[in-house]
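According to TrEMBL, the features are:
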- LYS127, GLN190, GLY222, ASP253, LYS396: UTP binding site (BINDING)
- HIS223: substrate binding site (BINDING)
Amino acid sequence: IFIFILDFSKAMSQAGSSQFQEVIRQELEYSMKVELDKILATAHSNEVEHTKKDLEGFKKLFHRFLQEKGPSVDWGKIQRPPEDSIQPYEKIKARGLPDNIASVLNKLVVVKLNGGLGTSMGCKGPKSLIGVRNENTFLDLTVQQIEHLNKSYNTDVPLVLMNSFNTDDDTKKILQKYSHSRVKIYTFNQSRYPRINKETLLPIAKDVSYSGENTECWYPPGHGDIYASFYNSGLLDNLIAEGKEYIFVSNIDNLGATVDLYILNHLMNPPNGKRCEFVMEVTNKTRADVKGGTLTQYENKLRLVEIAQVPKAHVDEFKSVSKFKIFNTNNLWIALSAIKRLQEKNAIDMEIIVNPKTLDGGLNVIQLETAVGAAIKSFENSLGINVPRSRFLPVKTTSDLLLVMSNLYSLNAGSLTMSEKREFPTVPLVKLGSSFTKVQDYLRRFESIPDMLELDHLTVSGDVTFGKNVSLKGTVIIIANHGDRIDIPAGALLENKIVSGNLRILDH
């Protein structure tokens, strides 16, 4: 079987016969089943049930991966969504709010996707525990926002965190600090799937453990896993029993994703009397968002199309801001009863994302993942709402961190709002070089965060530091060549300036 598997791709291309391909597929599925059974046999009695569920879910995904070949969308079938399927936020807001907004709020649950680590920013542990503003972490700000809602309207909106095996322990330790806050916090874990060797298509894990040298053998399979994990945890049923009707799902690192009462009211009291089961917040693309997933009409359903699904010949067309004007913010409003119904029928259909990785030792592996927004086509009466850009404020890099730490934003009850003193509603374009990638290096290079109220564009490259009370206006480009260092002195005003070479102000 082993040689058989290694020649899988060669055989697939040479064999015209679908029958032969089917035999190959069956061999692969059988080999995978054997390996997964071996892994399951190493589980302790208290882990067996949980591990079994994870591996069953993985097996289904692997089966579909073997069935599907090539891009998962037929480009010719992609159409622009009908006018009324993507509503402008202004129209939703113009309806105002009912007197009983508290009773509407009491039907809501806030869910934050909290499976990611801070490794891309040079931090250990969950990304949600990185300090972003006045020593507040992403998690602190989230709790403050919901607590403010509950106090203002005398409601009971709970917070649910979807953790991964990477973030669960550290997150649970930190949750004790919120025990006196006016927010009920629940957690559940997303699945843990085995990474597979790109050549053999077999798991690299030999047992269930995921510590020590085994940490690289496992991965959380993307946020599309929320439906099955939420359902399997029992929490979905508990929340429905408490009278909750909708979840608002977003990435914990999107600081713009706050509870919006107008959207919630539109869901609970629809103007045409027919409730939406799924609402996706989209916003207008800028040049920075050309790779973002977009909403299209496909086979008479709203469908999220990601760049990975687009045939190569059409990638440039997909990136065009004129044809595909909006992208998915991953702020989603979903009916709990619909998740339960679809999950019980095994009817949630999401495209598989094949994510190739190279491990530290050089081994090439693949991860099979799904995305939460891709399920939109499985729900009834779905809707897109075109929201202001302010609802999409993700912090993926230290360049994003500089923006949210600056005076461009003010912080109130956990929510960031653009300063009224800024004349343009757009955010400046900031590109910090590799010397700033890690949070600790970034913090070391700024004695204080510069005044950026009138900044349009900032590029910084090389060994650069900023003194206290620096002001940046217009377009500022600072480039220290290799071996050079630039220290921007305290109190400096840089307006439409290019600074390069070597600049050091020495104290006498």
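The count begins at 1 with the first shown residue.
Cβ coordinates come from backbone N, Cα and C, glycine included.
What TrEMBL says about a protein is an automatic prediction, not a curated fact.
Values in this document were obtained by computation on a predicted structure and should not be read as measured data.
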Binding-site residues listed as LYS127, HIS223, LYS396, least Cβ neighbours within 10 Å: LYS396
Proximal residue to the residue listed as 'substrate binding site' among binding-site residues GLN190, ASP253, LYS396 (C-alpha distance): GLN190
Chain-internal residues, separated by at least six, CB under 8 A from GLY222 (UTP binding site): ILE353, ASN355, GLU369, THR370, ALA371, VAL372
Longest CA-CA distance among LYS127, GLN190, GLY222, ASP253, LYS396, per record bound to UTP, angstrom: 21
Which of GLN190, ASP253, the listed binding-site residues, has fewest other Cβ atoms within 10 Å: ASP253
